[in-house]
Amino acid sequence: MEEAKMGDVATIRAVLAILQWWGFNVTVIIMNKWIFQKLEFKFPLTVSCVHFICSSIGAYIAIKILKMKPLIEVAPEDRWRRIFPMSFVFCINIVLGNVSLRYIPVSFMQTIKSFTPATTVILQWLVWRKYFEWRIWASLVPIVGGIMLTSITELSFNMFGFCAAMVGCLATSTKTILAESLLHGYKFDSINTVYYMAPFATMILSVPAIVLEGSGVINWLYTYDSIVPALIIITTSGVLAFCLNFSIFYVIHSTTAVTFNVAGNLKVAVAVLVSWMIFRNPISAMNVVGCGITLIGCTFYGYVRHLILQQAVNPSPRTPRSRMEMLPLVGDKQEKN
């Protein structure tokens with residue numbers, strides 16, 4: 001009886017964790033698109049800077065003041081030798097995501113982001129010469145095929161936005177791969193990651209934002225009619241961006257790896273549906289099919305990764321050691337933003 005109650009509590013906790021993760025993620029994406037499209041604040045570097053500043057402040061409050069998470073101490077030399085390069089890639093990843101939102105619909109952008117597993121495997125194979133068994137390559141086929149079908153049938157296709165989203169996938173993959181080597185020895189959670197990387201990202205991005213978008217932002221401040229509500233929305237998006245990082249930490253510790261993978265792919269479907277309901281961007285039937293194929297491929301990929309990890313934990317005596325390095329990523333649960 002006691003075990004059944006504990007199981008029910010765990011299930012409720014997992015469902016609530018997934019729902020709040022979906023809520024923060026979809027809200028941040030929709031708000032960013034609203035900022036670019038409805039508020040006519042077409043400055044993705046500045047929006048990214050606001051997010052980094054809010055995340056820096058939020059992580060400091062959560063760790064230093066509220067003591068919600070213990071601070072993982074990092075040696076001063078490691079902050080520049082390890083954290084700074086990671087922060088640079090982290091910065092590029094966030095900026096390209098916002099740049100792509102500036103030019104393409106949320107539905108298309110979210111589908112392209114699902115290409116990240118493929119870029120991660122291909123990068124590790126080409127650059128790091130990692131071995132992958134046939135099941136991994138087979139799971140990438142529907143992902144690549146779905147992305148191609150979605151891109152060909154996208155009615156609001158924009159080449160610049162498409163390229164920004166694709167390079168963003170490469171940046172996400174690079175960040176994931178580099179984390180294994182650069183952050184070796186440090187067990188970072190999402191909050192400590194933001195605590196160390198967001199200030200560096202703010203420093204990296206502030207100068208380009210001022211140089212490239214400063215005059216445009218000033219002109220917008222003088223010409224836009226409802227300036228105070230608009231600034232509240234922009235700031236709120238930054239606060240929610242930090243809350244999203246906190247929600248990722250919560251959902252990772254409340255679900256299994258398989259549940260996390262499936263929930264991450266369903267989250268994309270929810271974001272696509274909600275964005276279409278709000279912005280009413282035209283979507284063809286084949287576009288929906290392409291998105292569905294991509295998400296099914298991502299789910300299959302996550303399931304295959306989980307099986308391979310289980311085999312690596314309990315290897316067969318006949319399994320060659322070289323074949324046990326199937327997906328040398330940070331862990332079975334990758335943090336999906």
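The backbone N, Cα and C atoms fix where each Cβ goes, and this holds for glycine too.
Please treat TrEMBL annotations as automatic predictions, because they have not gone through curation.
Small disclaimer: the values here were computed from a predicted structure and weren't measured.
TrEMBL lists 14-301 with the feature domain 'Sugar phosphate transporter'. TrEMBL lists 12-31, 43-63, 83-104, 134-153, 195-221, 227-251, 258-279, 285-304 with the feature transmembrane segment.
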Legend entry - Spatial neighbours of the transmembrane segment (285-304) far in sequence, C-beta under 8 Å, 6+ residues away: 107, 111, 114-115, 117, 135-136, 138-155, 257-258, 261-262, 264-266, 268-269, 272
Legend entry - Residues of the parent chain within Cβ reach of the transmembrane segment (195-221), under 8 Å, 6 or more residues beyond its termini: 40-43, 45-46, 48-49, 52-53, 55-56, 59-60, 62-63, 71, 74, 79, 83-84, 86-88, 90-91, 94-95, 188, 227
Legend entry - For the transmembrane segment (258-279), sequence-distant contacts whose Cβ falls under 8 Å of one of its Cβ atoms, 6 or more beyond its ends: 14, 18, 21-22, 25-26, 29-30, 33-34, 37, 105-107, 110-111, 113-114, 251-252, 291, 295, 298-299, 302-303, 305-306, 333, 336
Inset, instruction - Tell me, roughly as an integer, the mean pLDDT over the domain 'Sugar phosphate transporter' (14-301). - result: 90
